[in-house]
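This report refers to the structure that appears directly beneath it.
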Amino acid sequence: QDEETQHSLECIQANQIFPRKQLIREDENLQVPFIELHGESTEYVGRAEDAIIALSNYRLHIKFKESVVNVPLQLIESVECRDIFQLHLTCKDCKVIRCQFSTFEQCQDWLKRLNNAIRPPSKIEDLFSFAYHAWCMEVYASEKEQHGDLCRPGEHVTSRFKNEVERMGFDMNNAWRISNINEKYKLCGSYPQEIIVPAWITDKELESVASFRSWKRIPAVVYRHQSNGAVISRCGQPEVSWWGWRNADDEHLVQSVAKACASDSRSNSNKLMNGNCSRDFSNGGDLSDVEFDSSISNASGAESLAIQPQKLLILDARSYAAAVANRAKGGGCECPEYYPNCEVVFMGMANIHSIRKSFQSLRLLCTQMPDPGNWLSALESTKWLQHLSVLLKSALLVVHAVDRDQRPVLVHCSDGWDRTPQIVALAKLLLDPYYRTTEGFQVLVETEWLDFGHKFADRCGHGENSDDLNERCPVFLQWLDCVHQLQRQFPCSFEFNEAFLVKLVQHTYSCLFGTFLCNNAKERGEKHTQERTCSVWSLLRAANKAFKNLLYSSQSESVLYPVCHVRNLMLWSAVYLPCSSPSTPADDTCAPYPVPGSSPEDQPLGRLPKTRSFDNLTTACDSSVPTTNRRSSDPSLNEKWQEHRRSLELSSLGNPGDDPFDGDSLSKQGRAPVGAELSVAAGVAEGQMENILQEATKDDVGLEEHLRGSLETVGKGDEIALDKEKRTENLHG
């Protein structure tokens, strides 16, 4: 009865609160050039020069003679008129769209329409995600089978805190406890309601600590190493100010984190010595390229931890100068004299204003027509790859401390909601293979970015009246870029592929889903976004084969040690470089609801961003074409990759236990020959993270159809990657 009532309310909401708008055509012969989503209504259809242009309450659609632009309105950052007759649209994901009109008046009309459409909402319900969900509920309300759960995240997301505490093996009897001091967000509005702290720290002490930390963001434990018990904590900066304030409870809490680790490790030492640790404690990568001291042996492990607490590492994401300068604004950093058995390290990461400036320079470079002759030096001058390098090195320092030195780490920046989640989430991704699965990655994003209050509304510019451009910054996009760099270096370690990350970039800004609305969990609870919008994980679900990495091996490295030098990083061409369809969440790509009578995982995902190597897909899958098996040019991957390559050869013999297709036979899937796999795999090992093997599992007819559709969205700039791959083939003979 309650469910029926709820659906009736949804129907009322869809029809009355989100009514369809009247369509205005410049020409009576014009038709809407795309299939509308549930709740989407097209408001204007007109003509541009050699194009049809349409504007709905969700997207801008421009149909040229040879290409299509299909971009969500909230993905557009600014619109301006250039050269009298040309509109210049700048997108938040680094793309630029140009549209030419026949008359000045027509150009001005569309300029006004678009500026009104992309303006930050006066109330959150103006965002399309609410209308989309309401109309979806109305469409399926009359069916006996309820489809509401299809737009919800899975149980692994909704029960993430309880599951994570259990999975990581916290000793909740002696070392740690779950504090409910932030129940109903009464202590800190940007923190989760449940936090993990040392068992002997009282809530009264936590209140005292909150008064000393920026925005009351107290040190909270977010990760435990399952083998040695070392933990990662996060917080805001201490409010030392010019007066040099200190807080005894804060100093006690920080030291207690290290003591709790020692207690936790001691209680688990018997399991370690008896061989009951289920985690594979092996390390990958080439440490000769990493500028860290690895002289401390891992052999002393549990015994040394059981004797005394390890020295806690306080990692401040800022430079020392920036941390000291924050004292003028009431902030500051920990004074080592007041925090015994602690070491403070400053990483020198840039603030959001520097990152925004760097991203704007990158966008300007990537959209220059034609490509500049000084491309490499111009790319260097943007400093984008340098910023990625510093972020990766910061996360790697945390990994070294936790995994090799078995030390607890406390991470913070200024407020603890930008650089801090970047470092912590990246470190957890490197440390724990669970977060490299599709479900685990969802849990990671929900925990470190959403639960701990990254300000998505302000940083993305889709919050209520979020007009302050100084608050905008692609912080989450920068982190996803780092994840992409890891995918390139460790092609077998991630269950999801590059297309998964590209879609996540698009829907971070699109506002089709409600996952990234508001600035924190408290606001999302007050706005009831979980009940009134669809989750992005309904699209990026583990069962969706379009986002699976077929090179994934659950037996790959447990802990990843990437190479962080700038020369080892690559521009994310699938996101930053221009293509014929710059930002295209296609119609059937967006809908989490399946067609009645079909299973969700069988739904088409439309055109996904692909790399230029798809041009050679039919050749790669043709067994008659000789393949070139070459060694990886990355010395840190050679031995590892050869092992994975041999395992691919064995799996091709049809061992049922190693079947990567969920029980479907290889013959039914139409899998490519082993030689083709190895040729493709060698390219992946060189950093060309492709989805070719995924497409090779389709039948010939489906392959040709998909190839024909995908070529429309192939980025022109990806020719750089193709040229690099060809040059490498020539180099290796």
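Yeah, the Cβs are placed from backbone N, Cα and C, and that goes for glycine too.
Summarising the annotation, TrEMBL assigns active site, phosphocysteine intermediate to Cys413. Residues within less than 8 Å, Cβ to Cβ, of Cys413 (active site, phosphocysteine intermediate) and separated from it by at least 6 positions along the same chain comprise Gln237, Asp316, Ala317, Arg318, Met349, Arg419, Thr420.
Per TrEMBL, the feature substrate binding site maps to Asn326, Arg327, Ala328, Lys329, Asn351, Ile352, Cys413, Ser414, Asp415, Gly416, Trp417, Asp418, Arg419. The Cβ of Asp415 (substrate binding site) lies under 8 Å from the Cβ of Ser214, Trp215, Arg217, Gly236, Gln237, each on the same chain and at least six residues away in sequence.
For 155-576, the entry in TrEMBL reads domain 'Myotubularin phosphatase'.
Per TrEMBL, the feature region 'Disordered' maps to 590-670 (among others).
The region 'Disordered' annotation in TrEMBL covers 714-733 (among others).
Mean model confidence of the domain 'Myotubularin phosphatase' (155-576) amounts to 90 (pLDDT, 0 to 100 scale). Sparsest Cβ environment among the binding-site residues Asn326, Asn351 (other Cβ atoms counted within 10 Å): Asn351. In sequence order, Trp242 constitute the residues six or more apart from Ala328 (substrate binding site) in its chain with CB-CB distances below 8 Å.
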